[in-house]
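*Asks:* Below are the features listed in Swiss-Prot for this protein:
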| type | residues | note |
| --- | --- | --- |
| DOMAIN | 107-313 | domain 'ATP-grasp' |
| BINDING | 133-194 | ATP binding site |
| BINDING | GLU283, ASN285 | Mg(2+) binding site |
Amino acid sequence: MKVLVVGNGGREHAIAWKVAQSPLVKELYVAKGNAGIWEIAKRVDISPTDVEKLAEFAKNEGVDFTIVGPEAPLVEGIVDEFEKRGLKIFGPNKEAAKLEGSKAFAKTFMKKYGIPTARYEVFTDFEKAKEYVEKVGAPIVVKADGLAAGKGAVVCETVEKAIETLDRFLNKKIFGKSSERVVIEEFLEGEEASYIVMINGDRYVPLPTSQDHKRLLDEDKGPNTGGMGAYSPTPVINEEVEKRIREEIVERVIKGLKEEGIYYRGFLYAGLMITKEGPKVLEFNVRLGDPEAQPILMRVKNDFLETLLNFYEGKDVHIKEDERYALDVVLASRGYPEKPETGKIIHGLDYLKSMEDVVVFHAGTKKEGNFTVTSGGRVLNVCAYGKTLKEAKERAYEAIRYVCFEGMHYRKDIGDKAFKYLSE
């Protein structure tokens with residue numbers, strides 16, 4: 001069958017890598033992809049957000065199944081465009097994608113259906129927002145309402161920083177329409193984790209658990225990013241916590257969507273804070289996480305394409321997990337997340353291909369002649385398997401020694417938060 005993967009990042013490389021392993025695939029396309037994906041899939045030169053053009057391409061080429069990686073095309077209504085033409089596509093429609101497309105919508109939804117989350121207020125007026133922040137104090141979290149590539153949530157340790165962030169969002173509109181409205185919410189203490197499920201109507205199937213590292217620098221310092229690394233599974237989500245996540249969050253979301261008359265088919269990612277009171281939702285995303293998808297898909301033992309197709313058709317599926325840990329370290333460009341430098345030649349990629357239990361997923365890369373060069377903020381995901389998390393971590397960081405590009409930056413502490421829970 002012909003399969004199309006939509007997106008350009010590390011998550012999409014992981015999806016394409018996993019799908020390419022299926023004997024069901026006759027032809028694999030990617031729009032637009034990156035230097036890594038182009039080694040295993042045909043490049044389609046259409047932007048992921050040009051949803052009508054993509055739907056036309058899929059119709060004309062006879063694409064049998066499409067998997068959407070990033071949030072922007074989903075919020076733009078790619079699923080609606082494909083379904084209008086009778087095409088099979090895995091992802092939520094435009095209405096359902098509001099769970100990620102609007103923080104205010106998501107918070108209102110959570111409040112209405114009793115889904116545990118931080119207390120919050122929504123503002124469009126700078127003066128009113130400033131007044132509120134001065135009244136409640138810091139630490140506090142300021143979030144742009146719309147999509148901001150993972151950079152729209154700012155943890156403000158001081159009132160001054162909160163006001164400065166509000167000014168950048170509401171007055172300077174650094175994210176355009178996405179920051180015309182802000183959500184201000186209480187700062188939650190605890191341990192972050194990611195819980196991702198596949199939903200089709202009222203059925204859902206959990207994927208392996210994971211933990212992301214959102215801040216740019218070690219020890220969770222520096223600005224928020226799209227994610228600097230992840231590992232799976234995470235001991236932060238034990239059996240008892242998982243039971244609560246399923247009952248208090250996932251099942252209430254499904255019930256709420258049903259009551260709102262919204263049909264949801266696709267991935268749902270709950271970004272969680274595991275607090276003393278239990279799991280609370282920081283955000284919903286309507287797609288796989290990036291970088292979480294990379295270690296998660298490395299640990300899925302199923303023929304992933306077959307599993308998705310069966311689930312899409314409403315059949316029962318079960319995810320078989322690899323016993324090993326998988327850990328992903330993101331290599332980023334100098335200047336990320338504000339103004340990443342690009343066009344730097346990447347050295348050492350061929351050597352990494354020969355390393356056992358190491359997988360490299362490309363993100364911001366492209367081809368220039370015979371060279372692979374950087375083309376974005378997050379450049380590569382160097383991932384490794386290990387019988388223990390410690391082994392996976394050592395193997396990934398060992399592999400990083402062989403790859404370099406000018407201005408390369410990465411965190412040295414991916415996975416460290418787990419060690420206090422593990423007796424390795």
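Numbering starts at 1 and runs along the chain as displayed.
Every residue gets a Cβ built from N, Cα and C, even glycine.
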*Asks:* Within 10 Å of the Cβ of VAL141 (ATP binding site), how many other Cβ atoms can you find? Include all protein chains, please.
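*Replies:* Taking every protein chain into account, the count is 20.
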*Asks:* Distance between ARG181 (ATP binding site) and ASN285 (Mg(2+) binding site) at the Cα atoms, whole Å?
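*Replies:* So the alpha carbons of ARG181 (ATP binding site) and ASN285 (Mg(2+) binding site) sit roughly 18 Å from each other.
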*Asks:* Average pLDDT across the domain 'ATP-grasp' (107-313)?
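*Replies:* Averaged over the domain 'ATP-grasp' (107-313), the predicted model reaches a pLDDT of 97.
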